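Database features (TrEMBL):
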type	residues	note
TRANSMEM	A:28-54	transmembrane segment
TRANSMEM	A:74-101	transmembrane segment
DOMAIN	A:75-277	domain 'ABC transmembrane type-1'
TRANSMEM	A:113-134	transmembrane segment
TRANSMEM	A:154-177	transmembrane segment
TRANSMEM	A:208-238	transmembrane segment
TRANSMEM	A:258-280	transmembrane segment
TRANSMEM	A:307-332	transmembrane segment
DOMAIN	A:365-560	domain 'ABC transmembrane type-1'
TRANSMEM	A:371-391	transmembrane segment
TRANSMEM	A:403-425	transmembrane segment
TRANSMEM	A:431-449	transmembrane segment
TRANSMEM	A:492-519	transmembrane segment
TRANSMEM	A:539-563	transmembrane segment
Amino acid sequence: MTLTARPAAATAPKPRRNRLQLTASDRFVYVLAIPLVLILLVYIVFPMIATVFTSAEDGGAAYADFVSGNSRQALVLSVGISLASVLTAGVVGTGLAVLLTRFSFPGRSVLKVFALLPLALPPLIGALSFYYLYGTSGIIPRVLAEVTGVPASSLSFDGIAGVMLVHTLTMYPYFYLSVSAGLSGSDASLEEAAMNLGASRSTMWRTVLLPMLTPALVSGALLTFMVSMASFTAPQFYNVNTLTMRIVAAKTSGAYDLAAAQSTVLSVVSILFLLLMRWYQNRRLTRSMSKGTPQTVKTVQGILPQILAAIGSAVIVLVLAAPVAAIVLLAFTVNGTWTTQIIPPEYTLQNFIDIFTEPRSLRPLLVSSQMSAVAMAASIVVGVLTAWVIARWKGKGAGVLDLMIMLPWALPGTVVGINIVTAFASPTPFNLGQVFLGSLWILPLAYFIRFVPLVFRNAAASLAQIDPSVEEAAQNLGAGPLRTLRTITLPLMARGVIAGALLAFVQGFGEYVASVVIYPARFVPLSVEIYNRQYANDLGTAFAYGSLQVLAILIVLIISEVLEKPGRFTRRRRRTGDIAETAAATAA
Amino acid sequence: MNSVDLENVTKVYGGSTPSVDDLTLTVGDGEFFTLLGPSGCGKSTTLRMIAGFINPTSGRIRFGERDVTNLPPHRRDTGMVFQNYALFPHMDVAGNVAYGLSMRGVAKSEKRSRIDEALAMVGLTGYADRRIDQLSGGQQQRVALARALVIQPSVLLLDEPLSNLDAKLREETRAQIRQIQQRARTTSVYVTHDQSEAMAMSDRIAVMNAGVLHQVGAPREIYRRPATSFVARFIGRSNVLSGTVEEAGTERLSVRLDGGEVLQAPVSEGTLSARVAGGDAVALSVRPETMRIEAVPEGSGTVVGGVRATVRMTEFTGSSCVIWLRYGDEDLLATIPDTDDLPEAGDEVLLRPDTARTWVVAP
């Protein structure tokens, strides 16, 4: 029995240190980490390094080429377009967010649904539908030409303007989502306090709301910039020579070292932005502390303003719905009949019938779904286990592993393609002697690399909602680490993982940007086939394929909505920024 | 023998100050033993080391003769009730209770009867098929208790299991836990920061602060004979007056307070009071209810057996009066039976502690 404060310390012999500092579950984490680190090294990190080496093969000749040739202009153009996209997408996204969270007007609820529609656009078919809506031979310019008599070509969006239009209308959701979350998350009592202390409405916006929205705006901007730098499909259709276009061109002409140098530059920019974004997210501290007073919504008063608001919402809804509507419309076009008419003159179901009855037409559908399914399976295993290891790893290694698995998320699809080409063209110790070029496995590999971050993020988010003491309870009752993982942790993660996996699947199903760089001639994936059909003027078939992609995305979005409803198992809501970031993974 | 032995157990996290510092104690077979202390005192770390979730930096942990120091949690055969219950949300009540039995390979028919038995013990008969989110906080707490007890663990560990319940339920449940424990005679280690909970439930209490064990003893002993000024202040209310030993006798010792007054305290074998010598720095613990308040005698000099203090405030609480006083730089507290002539704020009074209930503690 101890009677004074520290008697034992004085009398006891020097206690011997325990040799075994790790508990069983700690050791299990590290054992599991080894194969995961190996996989991430071989398939994600080494290919990047391989590209860097290839780019430097001729003693930097490729970089000299980069600086003196048109690559530099391409880089400047890419950065310029990306900055402009941040601005336009920011204005549209923030405007919509303020409108929809702070005002009540006729058409608000419909607009709210359609505001997220761009997320359902697969990259290739999305850009294609913009092309046929607003491009030189597009529906809208032709309608306007009919009405005004001005030639359609001067009313259309072409070149850089076309790219900007696609970027604005597909990337504004990053701002819309993060700003809406920021606005509805902010506490009305803060605004009331500011106004109670004498701030006018505009001063309150400037001094209270805007500073609180800064994190949302910054992450929206960084995301838009990254996605825009990676953009390939829009530049391809409008023939704008961005860096991604140059990479594919260099690779196609066999200038591998130049393609590698261009990829390296683009990777560096993208990774810097990824790091910037993470740094910013970890730094931000502004969080509302109070329990929250519900936000007040300002109702639009008066007949005339209401009518104007209704018309305005209707127009916006039309603009937002137009790309999907165009895809569906064009899917029923009889191939080769649409020439100079405003809209296609003849319609048929034959395109869909052909896809499902002609083996040649069905094949791309099967190729994409099978390749994507394989990639999804691998993503689930690696993504879930990595999320678990990171969550339970006590030490610095967790951050490294996290960065490794999130890297591909920052990499443009084009770069992922080039990395695979350079790393798996011939057997080396780094790729463990595996050669994938021209093989069945190259597409699943690309889809795995591109979309494992998606599964990982979802798995990590659902894991964060599980109370760690639940795992401890299982161990306390006699379950070993593996058994705890199997009987407790995995079942609790299931909903989030399934949602993430489905999202990864549907992304692989529609993948174009990396596929076009690497696909083997025997295995043409769906999006490449869409491009080929469009090129061959089989517009109806191309859009029929595209509408199937849209359908698949919509189904998956609905399922994940159901799955991710604040479940009965969850401990806390997921972080608000996550939605926008997950959305960004779908972009191209 | 399901005793728990901690021998020189130390846990140091990254920094240099240990979270648990050289802790040695023994929990007897069938005993209800409480680790008590303010948050951050190391009590939960200690419990988690017993459970095996944390490995001690040094020292040994034994269950009876068995050294479990390096044994993983799932092989220790303890049953733990977590602060937030940690029920498996994807299983129903029966599934939760059955989990530990399945891990032990208990046969299906026996499992069924043991689940029923455990649920009956915590008063949840008929709840086997309920989902966890259909239960109230108190019911969840009892499921957690049933889940821990059904495996008949060699040691039952309870980590602040009542802290998420409201006050009324907390008192009912603590009585229930105590009854169940006494019936099963399971060796139990209970962690709490609530001293009244500890006093009401425990056979013995270990009081900890900042990673250091201050005292182990039965509730009454700890209250009456605190070992240190920390224990005196943490268990109940106490006035702690520091001073130096002036004269150490065999029955009584005299302590000169820093303010100059001399107070006396009894000497008891085997405690600090018997070990101190003249000149040692000590403190006296005086419980508020053991002080009398008197008028300051005429011709004031130093009064033996009393201190002068100024009344700051009086509170009438019904059964008694609480008087807040100022003595030098310190605030003192006295509770006296209600009387018509209470002193008023600003009055100078003489406080006279009951010598028999004054106690010498380590400063």
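Keep in mind that glycine also has a Cβ here, set from the backbone N, Cα and C atoms.
What you are looking at is a predicted structure, and each value in this text was computed from that prediction instead of being measured.
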Cβ under 8 Å, sequence separation of at least 6 from the ends of the transmembrane segment (A:307-332): give me the contacting residues as numbers and ranges.
96, 105-108, 110-111, 114-115, 117-118, 120-121, 125-126, 129-130, 132-133, 139, 169, 300, 338, 343-344, 347-349, 351-352, 539-540, 542-544, 546-547, 550
Do the transmembrane segment (A:113-134) and the transmembrane segment (A:208-238) come close, with at least three CB pairs under 8 A (pairs 6 or more apart in sequence)?
yes
Same-chain residue ranges lying at least 6 outside the transmembrane segment (A:154-177) that approach it to Cβ under 8 Å:
81, 84-85, 88-90, 92-94, 96-97, 115-116, 118-119, 121, 126-127, 130-131, 134-136, 138, 140-141, 144-145, 148, 216-217, 220-221, 223-224, 227-228, 231, 234-235, 237-240, 242, 319-320, 323, 579-580, 583-584, 587
With Cβ-Cβ distances below 8 Å as the criterion, list the same-chain residues six or more beyond the ends of the transmembrane segment (A:28-54) that contact it, or say none.
22, 256-257, 260, 263-264, 267, 382, 385-386, 388-389, 392-393, 397, 401, 404-405, 407-408, 411, 415, 418-420, 422-424, 430-432, 445, 448-449, 481-482
With Cβ-Cβ distances below 8 Å as the criterion, list the same-chain residues six or more beyond the ends of the transmembrane segment (A:208-238) that contact it, or say none.
78-79, 81-83, 85-86, 89-90, 93-94, 123-124, 126-128, 130-131, 135, 158-160, 162-163, 166-167, 171, 174-175, 177-179, 181-183, 186, 190-191, 194, 199, 244-245, 248, 266, 269-270, 273-274, 276-277, 280-281, 284, 286, 288, 410-415, 512-513, 576-577, 580-581, 584, 587-588
